[in-house]
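Asker: In case it's useful when we look at the structure, here is the feature table from TrEMBL:
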BINDING   B:207, B:232, B:233, B:263, B:264, B:265, B:266, B:267, B:268, B:269, B:270, B:284  FAD binding site
DOMAIN    B:3-188  domain 'Electron transfer flavoprotein alpha/beta-subunit N-terminal'
């Protein structure tokens, strides 16, 4: 089986969020970059588990990003990817990224990615990629089993879960439940240095949307503390002031 | 020209998030001077003409056995047919479980720009600019859609449902419907009585509860409030609670009207999943817990003493 895992570079989960250039650009100074957690912890690790169960499986990685994305690609290779493709372009929006990935995502049995990135939170690349490849798409999957050419996938729905059977090939976006996060070991880190990393020049794709400005949310007014001996007061405030109950 | 709203349903019952999307889409139509129309796929047990109460004038109803189970590929082709025939220039989805799969596909099919996770009406004073939460709720962005046809998916709980007098014309729509490639072979309901992503009130607890055996008091409070249950990541990782209750940056992001956090210190990753809640209440015995900085109301105290008292106080105020 041939698996493609799409990964993105995102700011570390604890990164300070600020903007520059008149609030039109994310302030990158001092930011630690990581593999988008949903891509790494769930999509990539599940792919590695599938390879461990069937040694004939190969895992390719794809990302859209400049040369500064290479440390996160090497980490993904250290975790267990076999080879990587980097489309040499700065990601601007979901469609641009999906269209670049579509050019290298043909011929795989399984295309996995995280349910969304933790920076732009669009969650759109998987669906766009599936449509561009004319493949079935299961979003927000929590479990994936493969038997022969059939995938059995659980996905979250409002108030429950659905179990779906689909013939490969398929595109699946992954979330918590799919796998348990791992850390690369020294052997993996050493091996990753020599694994192939192909740099591909981008296709000429026009973006359909543009991030025009950013703002930080308004600061909270401050917490109103209520004595633990007077919880009636808390409930009254929630009822009368916040109108929340 | 129209604004077309996709109406999502589960087993024939229209989801709450669809009522939000209908209200939102009808307001966009008011802004742009277009007609609000809806599209419903498959059998629905509710009166579709009543969707007019949200401001839609026409409901395109596509019926086919193949549409009675959700398949994003099949649904996309049908929605695109309806959108093209009705001259839709804006297509609205809820950013819920179905919308997350459909909106990106439909956008590609119609060569339309997409904003996923809108939190407010678009600004059409100079183009079409949609506001959305980014960086896991730590910032907001304004996103301009540059294409003629536009797709917007609305975050759940981001827009208040409004209703008024009104009846929509329900029109059967004959579409070409492919056979689905996916097959639903099972479904389960999660343990909570209320859907976490759609809930108005969420009661959540963390490691401060010391063990899964102590969740009964949290459930009692949630029951009294008609709330969904949630938990922090360490609790899900320790298997005290199922992973589908984990709220936070790497779990589920929620935006309820009221979020009550019990025994959760408020790590930045947890806050990133709940910071869009309208009102946050924090109960923690550690006065230095970072969550108090993000809270609207707080009690510094022992959850085991405070929570049952809150449940009693809620009972009183609700007249139970």
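Easy rule for this one: first residue shown is 1, then count along the chain.
The backbone N, Cα and C atoms fix where each Cβ goes, glycine too.
Nobody curates TrEMBL annotations by hand; they come from automatic prediction.
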Asker: With an 8 Å cut-off on Cβ-Cβ distance and a minimum sequence separation of at least 6, pull the same-chain contacts of residue B:264 (FAD binding site), or say none.
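Answerer: B:204, B:205, B:206, B:207, B:208, B:232, B:270, B:282, B:284, B:289, B:291 - these are the non-local Cβ neighbours of residue B:264 (FAD binding site), listed in sequence order.
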Asker: I'd like to know which binding-site residues lie near chain A: of B:207, B:264, B:266, B:268, B:270, which have a CB under 8 A from one of its CB atoms?
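Answerer: Listed binding-site residues meeting the cut-off: B:268.
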Asker: To what whole number does the mean pLDDT across the domain 'Electron transfer flavoprotein alpha/beta-subunit N-terminal' (B:3-188) round?
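Answerer: Residues in the domain 'Electron transfer flavoprotein alpha/beta-subunit N-terminal' (B:3-188) carry a mean pLDDT of 96 in this prediction.
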Asker: In whole Å, could you give the widest CA to CA gap in the FAD site formed by B:207, B:232, B:233, B:263, B:264, B:265, B:266, B:267, B:268, B:269, B:270, B:284?
Answerer: 18
Asker: May I ask which residues of the same chain, at least 6 positions away in sequence, place their Cβ under 8 angstroms from the Cβ of residue B:233 (FAD binding site)?
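Answerer: The list for residue B:233 (FAD binding site) reads B:246, B:248, B:250, B:251, B:269, B:270, given in order along the sequence.
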Asker: Under a criterion of Cβ-Cβ distance under 8 Å and sequence separation of at least 6, what residues of the same chain contact residue B:266 (FAD binding site)?
Answerer: B:282, B:289, B:290, B:291, B:292, B:293, B:294
Asker: Find, for the listed binding-site residues B:207, B:270, the residue with the lowest Cβ contact count at a 10 Å cut-off, counting only other Cβ atoms.
Answerer: B:207
Asker: Can you name the residues of this chain that are 6 or more positions from residue B:268 (FAD binding site) yet have a C-beta less than 8 Å from its C-beta?
Answerer: B:249, B:290
Asker: Specify the secondary structure state of residue B:233 (FAD binding site) as given by DSSP, simplified to three classes.
Answerer: helix
Asker: Any idea what DSSP makes of residue B:270 (FAD binding site), helix, strand or coil?
Answerer: helix
